[in-house]
Amino acid sequence: MARVESFELDHNTVKAPYVRLAGTEQNGDALVEKYDLRFLQPNKDALPTGALHTLEHLLAVNMRDELKGIIDISPMGCRTGFYMIMWDQHSPQEIRDALVNVLNKVINTEVVPAVSAKECGNYKDHSLFAAKEYAKIVLDQGISLDPFERIL
């Protein structure tokens, strides 16, 4: 059976919120990194789908304004955070700083991008109010640079 990195992570010992380099892949000169942007404590809480979906849209646009080389930002199936796939090498500090900036933008935003039936496959399932509330929760707790101990 194939090994899946996220299934090997001990979800009982991590301490969210945090940013974690979850994997790298090298092919010739091309380097791809996968980051775990964990917002909520696994097996304790989960983002409601409206908040998760809205945060996905806001992160998709605003993180690309902060960082170069983003390939994709996708919600985790467990609804506790997001995976971000990027070209080239970055530091967790760089990712955290960008995420803090973006979550502050989320708190102050009034418009969710790409919420029409043409642009979004589930355009009715959004909650800007909830996205803002969860952004505040994450910022209030602080985003750690380590998944197992709080390094703020």
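Cβ coordinates are placed from backbone N, Cα and C, and glycine is handled just like the others.
Keep in mind that this is a model prediction, so the values were computed, not measured.
Residues or ranges marked as Fe cation binding site in Swiss-Prot (evidence: sequence analysis): His53, His57, Cys120. Around His57 (Fe cation binding site), taking its Cβ as the centre, 20 other Cβ atoms fall within 10 Å, counting all chains.
A Cβ within 8 Å of the Cβ centre of His53, His57, Cys120, the residues given for Fe cation, is found for these other residues of the same chain: Thr54, Glu56, Val112, Ala114, Val115, Asn122, Tyr123, Asp125, His126. Each of the binding-site residues His53, Cys120 was assessed for Cβ neighbours inside 10 Å, and the highest tally belongs to His53.
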